[in-house]
């Protein structure tokens, strides 16, 4: 559960702090009441740090001890709650009088966080319920790190390094992004509509997300992926984030095949647009309907800042279309794919069973219809450039003499 994460509850106009969910009791619709924990037995610890990692200067006093900090009036050690939003350690009195923790008026630094950078994390069992659902000053996320974001970024960096090592670096007039020759992008799995339609290489609807045109393109995408997208993974969890990422990849490459069939394209920017679309779907769901999560003023502040950040990120990532072998249609498709998938995944937060069913059904219908219609249209109506069947010869004609194709998977 939440362990020693700090939770806030309202009682009599003041905030009371608790170390565990069992210390807070809610009797129906009434106010939240405080149940003081049992006093811990006195003990003597070995020299060094105490059980909370605090340095202790100790001399035995009867059966208790003295500490350099965290002592209450009765001489017993006061367990530490953690650090408050101001960075100061907070302790709870555990003396024989069993008094609740001191209030802000008595000197404890428990001021309300004023920015969306004050975060804490909760595990899967407590997320969406328990203290995470209390109107709190703490914005809870599910993970400490964005594991998939870090793993994908590492993989993308490794693939580009191997490409440049095995296939060389193209001249600046051929690839200004400081990367391999363009035919390498197609040979290693870039989006090639002719190969998808005529040779049924369906995997090319997914693999372009691990490829980049060069170092500059990679750094731009990874910067967004490890900053904004990684925080969304911490907030949603890796499984949900991975599903939304793949939906953005599929929507990006499908839209590119339909709208730009004669262009080879690579990059993870379309997948990032899918993540941004999913965040817009989450905010829309939590703003339009009553949900299970109540995150108070800080939650509203975070969502407002996230929407502004997402809109700025969409514009910035949209500028990536100026990079060779990155198309605007793919970005639009990734944004739509992520939004529709987000409607389905975030509908579970709705309180009303009817709205939950209707909202999720609408998302499922849009997603399934879009996938089926797009695939049928792609294989029946799209006519890709036949020259893309031999990308080496295609780029030899496109660029000046001396273009060599010496790198194949």
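Yeah, the Cβs are placed from backbone N, Cα and C, and that goes for glycine too.
Automatic, uncurated: that is what TrEMBL annotation is.
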The annotated transmembrane segment range in TrEMBL, which must be one of 173-195, 357-379: 357-379
Segment assigned the feature region 'Disordered' in TrEMBL (from 61-119, 238-296): 61-119
Matching range for TrEMBL feature annotation, transmembrane segment, among 332-350, 389-407: 332-350
Close approaches to the transmembrane segment (267-289) from elsewhere in its chain (Cβ under 8 angstroms; 6 or more beyond its ends): 152, 156, 208-213, 217, 220-221, 224-225, 228-229, 232, 241, 244-249, 251-253, 256, 303, 306-307, 310, 313-314, 317, 320, 323, 325-326, 330-343, 345-347, 349-352, 355, 359
Secondary structure content, the domain 'Peptidase S54 rhomboid' (201-346) (per DSSP, counts of residues): 118 helix, 2 strand, 26 coil
